[in-house]
């Protein structure tokens, strides 16, 4: 019997089919305009941009411009590059405009498709960010697609890692900006560490299109972007801890490859304790005593570095440095470092220079960064397997965009062998057969080590004409990929995700022109050579097609089905023929971790002989089930990370908004006044609680606090003896005294100097306390999980305690800022120029490069001048010169300088 759901789908169509139907109707509207737009001159087509902007300014909705705007871009692409976007690309463009994820097969033209919604949304004048995975793709796409936008009167900028602030600011000011996800995130963090608005580079987060969206928003979601500063050097300690691990035997520790964790057994813990005790580092009796928390952390990192992290798979050693390898793409990630001491443990393991640990100055995850955009969309070749995560976390629906031509690639069943040795023999045999008929072959491996092992096997078998593409040789990446579709080409590559360059049968025309004609100037000779190259590529493509198209061989299944699909998708682009096959063994990581012992026993019972493969749908289903388990686990990890990061993100928003308010304010006196009153009220409430008798008042402590914070000596003790006096009256008298002191101080300096000093103190204090708060939150996060053993929800505990930390930080902020502003003295050298005006980013005061090592204006004083103590006037701080921290304060208080006027210097 047919279910109601099946009947309804047959009658009404699925949600996907209904959505496609609506999009195809819009495509028909765009196509109907084509004849009209073809007749326009170049100038008339360019003028469409101003006409659209005018209509928007008059109140028209951007959605209503879509058919005309898309028709405009289509016509411009035809005139600039002789490329006419297909109907399916128009569909993909509409998905992106509607804040969805367009899943398009490799080679279907995602880059050109993106120009349609980019142009439409850039008309609003608020900036469009196009996000790529590396600088090469950002600059390539900005250069190629920028010509279309320039033709239509729009500006295009690109953010590269080596640009200075002025160049970045100019790029962000363009209508369209191409950049990597890392550069965007770090620029956002740096903007929120700036002293002045003129130092900021970004101008908001209006609309972003993320290329390879699954790589950026899924694979990298677990890694926060961190700007950090160095802590003390502990090289000797890391090297010492590293010497302990080789002395351990397998019984001393346990490894969980599924969860990627390591733990010491009881025997192993005793061994480590003895070694630490002999080295003089163990405090108390046990490694797990509270005094040894930091040591436990470092010992665990050393164990992880040796037992979980594999050289040439997880990282490589290059130029005396540990360089992380992206597990999903096989790319090196220079500049990235593991946090919390793990990177230092790896450096000690490999005996390279150990860099100091860093303190977090600012951080954000990609999840929270990209959720700031008012409109967010993405495109990729593989997103369907992660559709639930995109919907739950980012509110993005995945739409599979139909291919322009039917896919002709043959995806063959997996071949499974008992051992890795048998598997590699079969792979080499298959490669030889395909190579002999000149079929282009792409072999995908999961690590550098395995790609080089396969390369060595091929050499021993007499096959030497191949290219290896992995993190070691990434500089040659684009050229190797460009030639991977040539007849007879054999390319061995680590994971292909995010490579960004299509494998075109016959070779890549543009790449060959750049390589072969770089020294030939424009002219008849160059034109003739270009035609020769095009003709040659066309002939080579015909040979590659005759050989069966690109053959993709995978040597292992990845944890994620998406990565496997990306590798398959390299073949069969734009309707070309091709084939793909996975060769597996029970010794592969995925099979070994997820229960291959049971499978091995079954295969033995079935009588599987050496060098025999088994091909069975049941095994494919078992593999897919294992992959789904890993994907679900990783999703839970990312979802959990987001829950904790959301707590920090709420605090981050408050702090960054507060900083922005301070930076933008011309007059901060009202904010300072409120802070000062809050501090005084808190003090009075602490030492003279409302509703209590005077006998309970601690007026002596209140007097000391007032002296410490405000440098005010007030007779609070005498006031408290007055008949019938209430705490409100004492509060009022203190506020009057503080206000009088503040007014006297304000009169001594110009409004410009006061405003500058107030801003400097506020921003410096906010940044310092926020850094300390981040450290506290990290520590809280690392231990809060143990609350689960006490039947308490770790997340709720984290929320509660992080809120208390935040409240404490804000209270400290008010106290420190108030005290600094009530106690400061600005001492200006006679030769010091007058307060300069801000003239923009190049002003000598506001330019980071010019002022890199100089103290801010308010801190430049005669404090380094040594003065005879007899020549110091207690009432004139300008006569004190340099005062030692432990000297008696020259003011006459008899306190040490560091506890009096030097408390906040």
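Note that Cβ sites are derived from N, Cα and C of the backbone, with glycine treated the same way.
The ATP binding site feature in Swiss-Prot is assigned to 89, 107, 108, 109, 110, 111, 502; the stated evidence is sequence analysis. Secondary structure at residue 109 (ATP binding site), as computed by DSSP, is coil.
What Swiss-Prot lists as Zn(2+) binding site is 889, 891, 900, 901.
Every protein chain shown contributes to the tally, and the Cβ of residue 891 (Zn(2+) binding site) ends up with 17 other Cβ atoms within 10 Å.
Taking CA atoms as the reference points, residue 889 (Zn(2+) binding site) and residue 107 (ATP binding site) are 74 Å apart. Comparing residue 110 (ATP binding site) with residue 891 (Zn(2+) binding site), their Cα atoms are 71 Å apart once rounded. Just so you know, of the binding-site residues 108, 502, the Cβ with the fewest other Cβ atoms around it within 10 Å is the one at 502.
Cα spacing between residue 89 (ATP binding site) and residue 891 (Zn(2+) binding site): 76 Å, rounded to the nearest whole number. Here the CA atom of residue 891 (Zn(2+) binding site) lies 74 Å from the CA atom of residue 502 (ATP binding site).
Packing around residue 107 (ATP binding site) is summarised by its Cβ count: 21 other Cβ atoms lie within 10 angstroms of its Cβ, all protein chains included. If you take the Cα of residue 109 (ATP binding site) and the Cα of residue 891 (Zn(2+) binding site), they are about 75 angstrom apart, rounded to a whole number. Sequence-ordered, the extra residues of this chain that approach the ATP site, with Cβ no more than 8 Å from the Cβ center of 89, 107, 108, 109, 110, 111, 502, are 104, 106, 112, 113.
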